[in-house]
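Trainee: Annotations per Swiss-Prot:
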BINDING   Gly77, Leu82, Glu100, Lys101, Ser102, Leu129, Glu130, Arg138  S-adenosyl-L-methionine binding site
Amino acid sequence: MSEHFEKRRPVFLQLGFNEAALPQLKAYLDLLWSSNEELNLISRKMTYEELIDNHVIDCLLPIKDFPKDVKVAADFGSGGGLPGVIYAIQFPNVEYHLFEKSKLKQDFLNRCVSIAPNLRIHGEIPPKLEKIEVVTSRAFKPVDVILEFSRDYYKKGGKYFLLKGRKEKIDEEVALARKKFKDLKVTVQPLSSPVLEVERHLVLI
């Protein structure tokens, strides 16, 4: 496992990951991998190499575009911590609130606090998000549902940093969201993986 992590080290750095935080990233991935058989945090059929190439690098693709000077962030549907834990490791000065309704996954995320002490773990997304400056998510819900979950935050000018896949699907989601949120302003940025031929986009609201 360590071999593939070291093999991808240049890619992590190329994408903008903090070299000093690589030991924490490795510790998180080892914990995620060792816990997966019991908790099913990611597909049990997935190899460690696929975990890095399909998930970790996926999360890092837009990391250079993460809003500057953010002090408090939230991640919706955090699951096994992709991207929430990775971003908390990358940005240790950001108080990162992870929202995950599964009790088992919450328990796992609480174990990650020893690796990234700036993490705060919660269950359901509350009606009002206090002090949050940006919301992240990956492979969670459609755009309109994410906005519905955080309607009060959105109305107050909240920012969203959403990792999505196919452009066609994104266009459908945005069209539906615009029916509910007439003033919705969206920017869709293509992302290019250096290790896989996959269609990825960053949705900024």
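The first residue you see is number 1, and the count goes up from there.
The backbone N, Cα and C atoms fix where each Cβ goes, glycine too.
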Trainee: Taking only the residues the record lists as binding S-adenosyl-L-methionine, namely Gly77, Leu82, Glu100, Lys101, Ser102, Leu129, Glu130, Arg138, what is the largest Cα to Cα distance between any two of them, in Å to the nearest whole number?
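Mentor: Value for the max Cα separation, rounded to a whole number: 22 Å.
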Trainee: In sequence order, which same-chain residues at least six apart have a C-beta under 8 angstroms from Lys101 (S-adenosyl-L-methionine binding site)?
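Mentor: Same-chain residues close to Lys101 (S-adenosyl-L-methionine binding site) (Cβ under 8 Å, separated by 6 or more) are Gly123, Glu124.
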Trainee: Out of these binding-site residues, Glu100, Glu130, which one has the fewest other C-beta atoms within 10 Å of its own C-beta?
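Mentor: Looking at the binding-site residues Glu100, Glu130, the Cβ with the fewest others within 10 Å is that of Glu130.
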